[in-house]
């Protein structure tokens, strides 16, 4: 109950925390108020206009923002193309299914026309992720701005630092703690799986080859048997090698930002091993129960608070990095 009572203030508290210490001190709401006063309005309106015609854009923008922040901080390094034969973050397996790069490029082009060389790709990504969730009826949160864009993007760093769908609870928690996020942040940010889709090859090992013996009898015992059989249907993931078919991450509710993801976890119907892992820890499970049994807006508030924290991971500000003219390439100097 104490956590629920505190949740009302969590977004404001997290936003204030962004202003404390180090480079984060230079992040602030309304950073572009004078340098590009229409920037946030332009981003919001574009997202609102496009969301109805771009299915799943909220899910992919949230995922892109998350993957960006977990590697070199929230500096838009995930948006950079490979150069000189060196593969970039977007070439790493976790990022191959991100479908937001062109969407961000289009926003950047519009903002650049309004205010050349002023608004960073990192801020555009952070704002667009928030605005897309709001556009589908999800929560809003504070997005202090002033991030600068990084100039380095390395494939191996993405492979090493982005949490994998096969991780157990200990591995997941360590991954989040490495980025100054805590157990509650792990639980709340995982709630983004309430929207979006996943490719079969990211979880079919749970259906066919969990111990290495192979076949449908070798399924992950932590996965509900009825749900596993449903996922093995011909129109879902009928073979262990399917790498093209997609399925809903939150069956029946994958377009709606709600708590059904957590309800499914309690029924052992989380799609990934990393989802199932959340109910293997007592404190994590207690947080999930607090969402499922709490007031309707509780999840929105705690998710928003954790998004503010995530959006401040290792940000570059001041004279660090640069303001890219094109999100996919560093500026020529």
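Yeah, the Cβs are placed from backbone N, Cα and C, and that goes for glycine too.
Positions annotated as signal peptide by TrEMBL: 1-25. For 26-331, the entry in TrEMBL reads domain 'Plant heme peroxidase family profile'. The disulfide bond annotation in TrEMBL covers 36-115, 69-74, 121-327, 200-237. TrEMBL lists 63 with the feature site 'Transition state stabilizer'. Per TrEMBL, active site, proton acceptor is recorded for 67. The annotation Ca(2+) 1 binding site is assigned in TrEMBL to 68, 71, 73, 75, 77, 89. Per TrEMBL, the feature substrate binding site maps to 163. Among the features that TrEMBL reports, heme b binding site is placed at 193. The Ca(2+) 2 binding site annotation in TrEMBL covers 194, 250, 258.
Residues near residue 237 (disulfide bond) in space but far in sequence (CB under 8 A, at least 6 apart, same chain), listed by position: 200, 203, 204, 207, 231, 245, 247.
Not a single one of the recorded positions 63, 121, 258, 327 has a C-alpha within 10 angstroms of the C-alpha of residue 73 (Ca(2+) 1 binding site). One way to see the shell of the Ca(2+) 2 site is to take the Cβ centroid of 194, 250, 258; the remaining same-chain residues with a Cβ within 8 Å of it are 191, 193, 195, 253, 254, 256, 257, 259, 260, 261. Between the alpha carbons (Cα) of residue 67 (active site, proton acceptor) and residue 36 (disulfide bond) lies a span of roughly 27 Å. Annotated pair residue 71 (Ca(2+) 1 binding site) and residue 63 (site 'Transition state stabilizer'), C-alpha to C-alpha distance, rounded: 13 Å. Using a 10 Å Cα-Cα cut-off from residue 193 (heme b binding site), the recorded positions that qualify among 74, 121, 163, 250, 327 are 250. For the binding-site residues shown (68, 75, 250, 258), fewest C-beta neighbours within 10 angstroms: 258. Cα to Cα, residue 163 (substrate binding site) and residue 115 (disulfide bond) are separated by 36 Å. Shown are the recorded positions 63, 67, 193; of these, the residue with the fewest other Cβ atoms within 10 Å is 67. All protein chains included, residue 73 (Ca(2+) 1 binding site) registers 22 other Cβ atoms within 10 Å of its own Cβ. For the domain 'Plant heme peroxidase family profile' (26-331), the predicted model reports an average pLDDT of 95. Among the recorded positions listed (63, 75, 89, 250), 75 has its Cα nearest to the Cα of residue 36 (disulfide bond). Counting only same-chain residues six or more apart in sequence, the Cβ atoms lying under 8 angstroms from the Cβ of residue 121 (disulfide bond) belong to 76, 79, 104, 108, 149, 324, 327. Each residue contributes its Cα atom, and for residue 63 (site 'Transition state stabilizer') and residue 69 (disulfide bond) those atoms are 10 Å apart.
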